[in-house]
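**Student:** Pasting the feature list from Swiss-Prot:
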- 8-10, 34-35, 56-58, 61-65, 100-106, 132-135, Phe139, Arg142: 4-CDP-2-C-methyl-D-erythritol 2-phosphate binding site (BINDING)
- Asp8, His10, His42: divalent metal cation binding site (BINDING)
- His34: site 'Transition state stabilizer' (SITE)
- Thr133: site 'Transition state stabilizer' (SITE)
Amino acid sequence: MRIGQGVDVHAFGDGDKIVIGGVVIPYERGLVAHSDGDVLLHALCDALLGAAALGDIGKHFPDTDSAYKNACSRTLLRMVYSKLKAKGYSLVNADMTIVAQAPKMAPHISDMRAKIAEDLDTHIDNINVKATTTEQLGFNGRKEGITALATVLIK
């Protein structure tokens, strides 16, 4: 058994929607990113890579590589999981937290869990996503960006 953790942060910028956990959420702003800016899946990728001692998302999908410009993070997640499976690992469970003052995540969490479970070829009960705010404190509280944290157990 091996544990991995991941963290990602993206600032808000131009746009009218965000992608979190593979779910498109209408919002008054977008997220600044080289790919689709899915902070939750980026944190999850880092957690998986870390658990398998495979580095981090920046090593595998550098933001200097135009091949990953506007990349779908669900595709990146599936690629990461393929690397783990090639080393003989499989997911036991994943627990993730989204830190955002806005938009509200609760209406979208069940869809996020389903998409992540599909991408990791696991039962939805092995995937947990929760959301919290910072009670208007810090950059998340000022609605300047979104943070995501992920912890995984692999075997």
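Every residue gets a Cβ built from N, Cα and C, even glycine.
Keep in mind that what you see is a predicted model, and the values were worked out from it rather than measured.
How buried are the listed features, and what sits near them?
**Tutor:** In three-state terms derived from DSSP, Asp8 (4-CDP-2-C-methyl-D-erythritol 2-phosphate binding site) belongs to an extended strand segment.
Annotation for His10 (divalent metal cation binding site): same-chain Cβ neighbours under 8 Å, separated by at least 6 residues, are Leu31, Val32, Ala33, Gly37, Val39, Gly145, Ile146.
Sequence-distant contacts of His34 (site 'Transition state stabilizer'), defined as residues of its own chain at least six apart whose C-beta falls under 8 angstroms from its C-beta, comprise Asp63, Tyr68, Lys69, Asn70, Ala71. In three-state terms derived from DSSP, His34 (site 'Transition state stabilizer') belongs to neither a helical nor a strand segment and is classed as coil.
All protein chains considered, the CB of Thr133 (site 'Transition state stabilizer') has 15 other CB atoms within 10 Å.
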**Student:** With every protein chain in view, how many other Cβ atoms are within 10 Å of the Cβ of Phe139 (4-CDP-2-C-methyl-D-erythritol 2-phosphate binding site)?
**Tutor:** 16
**Student:** Which whole-number value in Å describes the distance between the Cα atoms of Ser35 (4-CDP-2-C-methyl-D-erythritol 2-phosphate binding site) and Thr133 (site 'Transition state stabilizer')?
**Tutor:** 24
**Student:** Round to the nearest Å and give the CA-to-CA distance linking Phe61 (4-CDP-2-C-methyl-D-erythritol 2-phosphate binding site) with Thr133 (site 'Transition state stabilizer').
**Tutor:** 29
